[in-house]
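Structure first, commentary second.
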């Protein structure tokens, strides 16, 4: 008997987990298929979550009702807030994960989730009828039927591991690759590219001389990604910093001909922002040294990840490199680094919902879409799961805009501009980064999560209480006038401010660069009555109000352009005067509105003006008819 589901998710990595959970939490009967149940939520590369932009994505996933933030909060070995000396727009959390505990926690959550079944099996083929996906077929011939399918295959599609002059078929960390499904996608007509990524060697902690390295401790205050976390892990493990040197670089130079990167064995394009050590040596040969972070992979293992030493050089050369690095001269290598090539689809073949344009109800998320990183994968996964379930159940799909979330920036970049290399999310990619902060992800997206059925009533009530507290406190400070008495003047001067000449509203005093919310309380001789997160919002919203308002005005302009819809079936060959490149790009991407069209590479303002005139003429013609 064929088993039937609403949604099937292929893969149980970081994208697959969020897709499966989101689909199930929206009420869809969901099946998650994975090659190996023991490798759910596996971290084949770095043992960390978060970082600039990426850490904000994790917070956004949490605000939408996803799981990554909660899992890392329970299983990390270290957590740090980055860029604390800079403005709030670029601050972000980064956590070192206990890889095994993280897997165990995610597996527990998935197994306990209502509406979600998990099955070990390798999908070989999509079942397509009348250009619409209807299910999947495994390598042993088992069929599972569904109204929607989400593909989250990571680097498994025709995966090949490369080490020196060796190349063999494999998924990450020597798991089984997915070859037949990769062939199936090509046969269906998808445009496929070949990408490459890599991983560094792991060394034995017992054989590291830490006295030659610099300690990198975590923060000594409680940190969390999830807005719901109330218990913090303060017993943290440090990381350590060391560097390459001239001797390391000589080993690389002497053996560069053995690197798969430079021997021609690797054809795939690698990630620009995470280059291999041999790539760093070639591209930045003026640098006398490169940073290497020694990151423990967990509390109950001696494996240490050598961040920054990603390589495809032969194993014996990797050992030679390690022998030149301070602290690692006698380190035992437990696993060799390697490069991996894999198939990815060209992401301009997707709608902003992550549904494929070619086959209805088929969604893709994660590295199959050309991205790098666990967080980018999870962000796509939750949206693909939300939209697959919403379409099947008739409860609606959701597209996050570039002003809503970094997830919106990520997906819009992929489906509008495409990518010719593994895509990494950066703060510089977001034009509204002052709006898309680490601290306000819940204020931006909890309403969305609640409307989608992903947020519980209890959580939503707590969120609304927080939001009201912020509004009330800003209003209270707006109503209080501070007099320039001796107490006030002394507090202001002690905090580096200039004396008041006249009375001033508390809210206006808080706007001064040197003033903090704590300073205002000290002047008012009040104790802390509100949660720290509320106080933080009051201060940030007040200090950056002018800049925030300017960003919001820009957002309104873009929203007006987004309201100018473009018919999905518009024949661009009939739009006179469009530049040839613009016509080709518009036909390929099929933008949903003028705002998206304006972001397509090769479409210039003149093309947009022509398109606007054409659409207006079409409206007038329909009115006359």
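A Cβ is built for glycine as well, from the same backbone N, Cα and C atoms used for every other residue.
The FAD binding site feature in Swiss-Prot is assigned to 11, 12, 13, 14, 15, 16, 123, 178, 367. Annotation comment: Swiss-Prot describes 270-284 as NAD(+) binding site, evidence class sequence analysis.
Cα to Cα, residue 276 (NAD(+) binding site) and residue 367 (FAD binding site) are separated by 18 Å. Counting only the Cα atoms, the space from residue 270 (NAD(+) binding site) to residue 367 (FAD binding site) is about 13 angstrom. Here FAD is bound by 11, 12, 13, 14, 15, 16, 123, 178, 367 per the record. The longest Cα to Cα distance in that group is 18 Å. Following the DSSP three-state reduction, the secondary structure of residue 272 (NAD(+) binding site) is coil. Every protein chain considered, the tally of other Cβ atoms within 10 Å of the Cβ of residue 272 (NAD(+) binding site) stands at 14. Around the Cβ of residue 13 (FAD binding site), a 10 Å sphere holds 29 further Cβ atoms from the protein chains shown.
Taking CA atoms as the reference points, residue 11 (FAD binding site) and residue 280 (NAD(+) binding site) are 32 Å apart. Of all the binding-site residues in the list 272, 274, 280, 282, 284, the shortest Cα-Cα distance to residue 13 (FAD binding site) is found for 274. Distance noted between the C-alpha atoms of residue 274 (NAD(+) binding site) and residue 367 (FAD binding site) is 15 Å.
The two recorded residues, residue 282 (NAD(+) binding site) and residue 367 (FAD binding site), have Cα atoms 26 Å apart. The binding-site residues listed here are 11, 270; among them, 11 has the most other Cβ atoms within 10 Å of its own Cβ.
DSSP classifies residue 15 (FAD binding site) as helix under the three-state reduction. For residue 367 (FAD binding site), the nearest neighbour among the listed binding-site residues (272, 278, 280, 284), judged by C-alpha distance, is 272. Put simply, 272 is the one of the binding-site residues 272, 278, 280, 284 whose Cα lies nearest to the Cα of residue 15 (FAD binding site).
The candidate set comprises the binding-site residues 15, 123, 274, 282. Of these, 15 has the most other Cβ atoms within 10 Å.
Residue density at residue 276 (NAD(+) binding site): 29 other Cβ atoms are found within 10 A of its Cβ, drawing on all protein chains shown.
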